[in-house]
Amino acid sequence: MQLSRFHLMVAIFIAWFALFFSSVWSTILIWERSETFTHGFLIAPICIYLIHLRWIRFKQVPTQANYFALIPIACMLLLWIAGRLAQILVAEQVAAFALLPLIYWSILGNKATRVILFPLVFWLFSVPAGEFLIPQLQNITADFTVFFLQLSNIPVYREGLYIAVPSGLFEVAVACSGIRYLIASFCLGTLFAYITYNGWKKRLIFIIFSLVLPIVANGIRAYGIVLIAHLSDMKYATGVDHLIYGWLWFGVVLFVMFAIGNIWRDPLPEKNNEEHDQLTDNKIAVPILLKPLLATLVLYCSGIAYIQSAQNPTLPAEVNLTELGDITPANNNWSWKPIFNNASQQLEGRINNNDIYIAYYQHSLENAELINSTHYPYDFKNWSLISSRKTNDYQLLEINNTNGDKRLVAYSYVTAWRQSPSSIEIKLVQAAQAILGLPQQGYFVALSHQLTRHSNDDKLFKQQADAFFSQDLSKVLSDD
């Protein structure tokens with residue numbers, strides 16, 4: 001029994017979609033609700049079209065199962081299992097979407113896969129990733145804005161993400177970071193480079209160009225918005241209109257990017273009519289498919305069985321958070337209060353004349369986990385970051401608000417195995433605990449103090465933070 005290439009490709013896609021439906025569906029939901037990743041709906045049709053362009057050549061190349069591909073398949077399945085257990089959605093989605101081209105590679109072999117290599121790699125643009133770059137992009141945008149304002153001889157004062165000019169105050173918000181422009185430009189630039197150039201050197205140069213240009217362009221856009229608002233005495237570019245200007249500007253930037261790239265366009269390769277005359281569909285014998293497919297299926301089933309056994313560990317008893325020090329519980333209406341949702345326990349209080357906030361999570365569950373992209377060490381809607389400094393035990397932030405208030409915030413994450421201010425490090429620790437079938441209990445703790453002028457509050461606070469975070473904060477957690 002033999003299968004045509006078309007039926008094989010479709011059958012594998014349907015099987016992949018069914019096996020990893022939950023991961024794929026969570027990705028589709030992100031495409032739907034986030035404008036940053038709406039382009040994900042277009043990736044599959046683009047990949048299908050690119051494979052169609054190479055279909056004649058693809059059908060002529062013989063296939064040979066590549067068992068070496070089972071090694072990266074096993075690695076991706078392990079990453080998928082860890083992502084599922086530790087609630088690391090991006091790891092789960094990266095692994096799930098990477099598995100499809102790897103499965104094709106294991107069945108088609110090196111020669112046939114090489115013919116459609118770019119569409120298989122471009123498929124990874126389906127994964128909604130990149131929002132971790134937002135804070136860095138906000139700072140870069142603020143740097144560009146201040147630089148261009150100074151070149152224009154406009155008085156400017158910057159503190160954190162707030163930029164003050166004589167006519168008003170501006171904030172480089174998340175929407176102004178340019179992450180949407182960057183991801184869209186990277187995706188389109190990669191596609192344009194593949195279609196326009198034949199050599200990988202040219203393609204790589206243009207892809208780098210498509211990454212750098214939107215960052216610079218977004219800085220110019222932010223400067224233009226501030227300039228328009230300043231020159232119009234805050235009548236224009238201060239509301240929804242500045243978002244409209246932004247997308248119009250992005251359209252111009254894309255046009256310029258493609259126009260520049262088109263200057264060095266390579267000629268299209270000539271079509272060989274003999275290929276059409278001698279076209280044969282090298283069908284694939286089903287027995288050849290069975291070995292890599294069965295091996296992948298065994299690995300998948302083993303992973304599912306392990307997930308089922310490790311998902312329900314014995315949960316530890318709730319902890320007494322007041323054991324961390326001489327804490328006086330208090331219900332305070334803090335404007336700086338950290339954002340941590342669905343915690344098992346929360347504590348707000350005072351210690352050594354400082355605010356203290358603790359959010360404890362008994363276990364990692366969906367939308368109820370210690371490390372989550374929606375969590376924040378302070379209320380970013382009311383406060384802006386001025387500076388950040390990392391020590392061995394905690395992260396020290398200086399924040400301010402539009403009223404001119406300044407605060408210091410020192411925070412860290414604590415698990416039974418590790419204390420660290422790094423959310424990535426703690427998430428990896430919890431992933432290891434999840435793989436071992438252990439509960440991923442832990443808590444976030446933050447100290448904060450409002451600064452006053454002409455005082456040494458900052459030095460005293462740092463001394464108190466050093467003393468507090470240097471103690472064994474995991475003592476309240478059970479090792480079970």
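Just so it is clear, glycine is given a Cβ too, placed from its N, Cα and C backbone atoms.
As written in TrEMBL, here are the features:
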TRANSMEM  36-53  transmembrane segment
TRANSMEM  65-82  transmembrane segment
TRANSMEM  88-108  transmembrane segment
TRANSMEM  115-134  transmembrane segment
TRANSMEM  179-197  transmembrane segment
TRANSMEM  204-231  transmembrane segment
TRANSMEM  243-264  transmembrane segment
TRANSMEM  284-307  transmembrane segment
DOMAIN    297-458  domain 'Methanolan biosynthesis EpsI'
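Sequence-distant contacts of the transmembrane segment (179-197), counting only residues of its own chain at least 6 positions beyond either end whose CB sits under 8 Å from a CB of the stretch, comprise 35-37, 39, 43, 46, 50, 118, 122, 125, 130-131, 133-134, 137, 203-204, 206-207, 209-211, 213-215, 217-218, 250, 253-254, 257-258, 261-262, 264-266. Across all of the domain 'Methanolan biosynthesis EpsI' (297-458), the predicted model scores a mean pLDDT of 80. Nonlocal intrachain contacts for the transmembrane segment (36-53), taken as residues 6+ away from its ends with a CB within less than 8 angstroms of a stretch CB, comprise 9, 27-28, 30, 116, 118-120, 122-123, 125-126, 128, 130-131, 179-180, 183-184, 187, 191, 194. Nonlocal intrachain contacts for the transmembrane segment (88-108), taken as residues 6+ away from its ends with a CB within less than 8 angstroms of a stretch CB, comprise 8-9, 12-13, 16, 20, 23-24, 26-27, 63, 65-67, 69-70, 72-73, 76-77, 79-80, 82, 116, 120-121, 123-124, 126-129, 284, 289, 292-293, 296, 427, 431.
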